[in-house]
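*Asks:* Have a look at the structure that comes next, please.
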2 protein chains.
Amino acid sequence: MKILITNDDGVTADGILCLARFLSKEHEVTVVAPETEQSAVGHAITIRFPLWLRKVDIKEPFEIYSVSGTPADCVKIGIDVVLNEKPDLVISGINRGNNLGTDVIYSGTVSGALEGAIAGIPSIAISSYDFKNPMYETAARFILKFLKEFDVNSIPRFSALNINVPSIPYEKLRGWKLTKQSKRMYEDYFEKRVDPSGSDYYWMKGNIVENDPDPKADYKVLKENFVSVTPISLFMTNEKYLSKLEEMYSENKIVW
Amino acid sequence: MKILITNDDGVTADGILCLARFLSKEHEVTVVAPETEQSAVGHAITIRFPLWLRKVDIKEPFEIYSVSGTPADCVKIGIDVVLNEKPDLVISGINRGNNLGTDVIYSGTVSGALEGAIAGIPSIAISSYDFKNPMYETAARFILKFLKEFDVNSIPRFSALNINVPSIPYEKLRGWKLTKQSKRMYEDYFEKRVDPSGSDYYWMKGNIVENDPDPKADYKVLKENFVSVTPISLFMTNEKYLSKLEEMYSENKIVW
């Protein structure tokens, strides 16, 4: 397959290079990634400024380009300018740290995959669970095997797979499970400090809350040494609540 | 109601000031917004740097604070540090330009509302349709009336309302309609230029594609002079595709 790879940790991050090296053993790989780290940028795009695109002179069995923008920018310019055609697959990652529960909406890694989905290309986001101790080779070996057994062309337009891989040696992986984006979230608070000029500033801190009753919650299978595979769609309409509202507010009431 | 207001166009944008002035006639309003424009930041949060928070000395019947971060940052620090309690409502806007279809995942305005939803507060994103000719007063007068007739406490946890208001005089509004996030999207391409130092750079351009067959598509009601009200959830699992995958990949196959 022709695979376009991006990430949010930046073009020189260990995760993306490990992914590209493994995938290039069996696929035709091109890396187009942000020149600087873009973690937690969400689905940002660069609309007020232009983008600079640069071929990176690194000796690898694939081409690497850096972009002065976000993961979503990289996928857009990667398709239109670098490849000048649609690849067979977009993979975003391997992210340093997991993207589970509410992380999904903050994640630059996931946004790279969703941008591929908008362009009509099967797309996957992949993350290694532990920020402090990521194990990229486990995730890279997993995805190479996964691509042999999973039909990526079954992924619908405007949808993508969000994959999280435990930070354990590859041999200890028990397989993969289909999961849902969970209610895993952070309870945030701020720690106040004073800068050398006397102004207050604040560090965000957060406690992880994992209490989703759903047995298919994404974070649960990781604790059992399975890879979580969650199909996500960029359409966020709350259909159930919409139906309830349609009962509450009749057509007559809302037309003035 | 106690209302926390944020936006992505920045603390001095016309849209947020217009919104705060109208809402402060009937509600207790506090503005906590980014010190610089943050359009299309997606649901970015600031995790590698601390945040600076500053009270802005503007004579208004409400307090204004600026934050060196994103809309999501503003809601987090607004609740924990500025208010030190949960408000009754979070409103993000009034955005300059609409947030329809795939815009929803790029939108800093929407991310401000979703951050309120994560914190368990009824939350609304509001945008004025036309970027070149926004009509903030129409949107501000609309929301003031809407809050009298809509039960914001019906909004479920982790959900929010995404509201788009036509850029027409208030008197011409025909009412509001419940809608869905549509498949409205952009076909992007890049225009290449050369900078004074001889390097290529690229401007992103895009043609809007509006061909969603769904009669409830968000953009359609705006063309008929209705306000679109779309309930959105931050959970993006594609349930239908998940069911299909569960049939395709049995438990036996995916456990190694």
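Note that Cβ sites are derived from N, Cα and C of the backbone, with glycine treated the same way.
Heads up, TrEMBL stuff is auto-annotated, nobody curated it.
Residues annotated as domain 'Survival protein SurE-like phosphatase/nucleotidase' in TrEMBL: A:3-187. Taken from TrEMBL, the feature divalent metal cation binding site applies to A:Asp8, A:Asp9, A:Ser39, A:Asn95.
For each listed feature, how buried is it and what is near it?
*Replies:* Secondary structure at A:Asp9 (divalent metal cation binding site), as computed by DSSP, is coil.
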*Asks:* List, in sequence order, the same-chain residues at least six positions removed whose CB sits under 8 Å from that of A:Asn95 (divalent metal cation binding site)?
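*Replies:* The list for A:Asn95 (divalent metal cation binding site) reads A:Asn7, A:Asp8, A:Asp9, A:Gly15, A:Ser107, A:Thr109, A:Ala125, A:Ile126, A:Ser127, A:Ser128, given in order along the sequence.
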*Asks:* Given a 10 Å Cβ-Cβ cut-off, pick out the one of the binding-site residues A:Asp8, A:Asp9 that has the most other Cβ atoms nearby.
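*Replies:* When each Cβ's neighbours within 10 Å are tallied, A:Asp8 leads.
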*Asks:* Any idea what the model's mean pLDDT is for the domain 'Survival protein SurE-like phosphatase/nucleotidase' (A:3-187)?
*Replies:* 93
